[in-house]
Amino acid sequence: MLFNKKKNAFRGIFWGLIHNFVSIILPFVIRTVIIGTIGIKYIGLGSLFAGLLGVLSLAELGFGSAISFCFYKPIADNDTNKINALLNFLKKSYRIIGVIIFFCGILLLPFLKTLISGDCPDNINVYILFLIYLSNTSISYFLFAYKKILLIVHQRYDIEVKISTLVLFIQSILQLVILMLFRNYYYFILILPAMTIFNNIVSAFLVKKLFPQYFCFGKLDDVSISDIVKKVKGVFCYKIGSTVLFSVDSIVISIFLGLEILGKFNNYYIIVYSLFAIQAVIQNSIRPIISSCIAMESIGKNYSDFNKFNFLYMWISFSFSVCCLCLYQNFIELWLGNSYLLPNSIVFLLVVSFYSQSCCHLLRIYQEASGLFFEGKFVPLIAAAFNLVMNIILVNIIGLPGVIISTIASVMFILLPGYAFVLFKYYFKEINKLKQQIMYYIKYITISFILGILLFYLCNAIDGKGIIEFLIKILISVLIPNILYYIIFIKDPNCRNSISFLLKKRNAK
């Protein structure tokens, strides 16, 4: 069983990285073609609609995340009837959610123009475009989306990723052809719902083939439904928090600063988003393993594992952050040109925002794996309310930097200490160790900040903005910070334990 878990995790990471390579490269190509053929405002428009649909997706209530936790025990017990009943419940819930999302989207139509500062792109009907985006989001809930949960809970994330990679590749090729031949954004967007339907049908077929014993049948007892509802309430609070923290930013920028600024900002943010996607591969692959360890291992063992994993995760996040800080401006200039550059202050704030959010990831994974959906529900709500208010205040005072500063403050002063408090109080039950954990984070953040600034000025000292200079900066930003990080932390117990853990894994292969 343990071998299969490791094998499934490896497959998930391997195929997840391939998917991310495709999902990072192809959107860059498409974005370049969009800017060159129909203009930057279309990038801003797509970002605005993505933010609006993120808000509408709150109707999902976190059913997928909450109910997936309920599958692990019946799978371990080989309780097919319970699994079938859970599937049936999820299927009915998703259909209701799909209707709610579509209906709420229709209600939003009269207000679309008020969410856009300045002019829209010429010869475009934003209402028709939004309906296409809305259909793409809601249609998935009616077409077998519930079946994908079987791949996740059986740790076959690699299968879902293979399908997504294939669909993304086909979708991107079709969209590129349409842009270059017709320069028509309507045709470009219509590809999205078509490929969503294709993705869901292929996924449903493979799930049926892999797990023929499961189908939608039966009814959950009142105790199980009550347990799901309790978890959903907690997850919903987290969804509100994440949505307001991230999706609302695009809406605020569009309302106060316009589509062109939003488009330029999104060119920068897509790089951060790509790094989050790489991190998500690691998270999705280790989440089932952590869930299993929490169910089977002692709290002391899991606390030790948490410190090891957290150190490694923070090291990875530090490496990504330094690379972004040193390479951001050169990359944008080589990619799009000087006219699409934003100030260095935006780069610095985006990197700090990325790193601060990364600090929370492992805490959330352990919270979810421990079933702590309800205990910390107010933390993301407080962070979301704070972020929304600060967004509106600061964007009017200092513009675009205010939007990013609001997110950083919400994460660093509310989410991070709040998530840590919930995990240490309700799972590790070692509230006395919370202070030690906060000091770890302060140490990681401080050292990362100092090294990041030093490397930024070192890379900026290199004259020239061509490909050769860019490659030299890549080499510097990859090698030097990691060597320095290792030297600084080599005597830290978490560092030694993490390296020992990695060496044992390598020798075991």
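Using N, Cα and C of the backbone, Cβ positions are placed for all residues, glycine too.
Computed from a predicted structure; not experimentally measured.
The transmembrane segment annotation in TrEMBL covers 12-30, 42-72, 93-112, 124-144, 165-182, 188-207, 240-262, 268-290, 311-331, 346-366, 378-398, 440-458 (among others).
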How about the transmembrane segment (346-366) with the transmembrane segment (268-290) - do they touch, taking at least 3 C-beta pairs under 8 Å (6 or more apart in sequence) as contact? yes
Counting a contact as 3 or more Cβ pairs under 8 Å, with residues at least 6 apart in sequence, do the transmembrane segment (165-182) and the transmembrane segment (93-112) touch? no
If I count Cβ-Cβ pairs under 8 A between the transmembrane segment (311-331) and each of 12-30, 93-112, 240-262, 440-458, which range comes out on top? 440-458
Beyond the flanks of the transmembrane segment (42-72) by at least 6 residues, Cβ under 8 Å: 31, 34-35, 83, 86, 89-90, 93-94, 97, 100-101, 104-105, 108, 115-116, 120-121, 124, 126, 129-130, 133-134, 137, 141, 149, 152-153, 185, 224, 227-228, 231-232, 234-236, 238-240, 243, 246-251, 254, 258-263, 265-267, 291-292, 295, 368, 371, 373
So which residues does the transmembrane segment (188-207) touch in its own chain, when a touch means Cβ under 8 Å and the partner is 6 or more beyond its ends? 129, 132-133, 135-136, 139-140, 143-145, 147-148, 150-151, 159-160, 163-164, 166-167, 170-171, 174-175, 178-179
Run the contact check on the transmembrane segment (268-290) against the transmembrane segment (12-30): 3 or more C-beta pairs under 8 Å, excluding pairs closer than 6 in sequence. yes
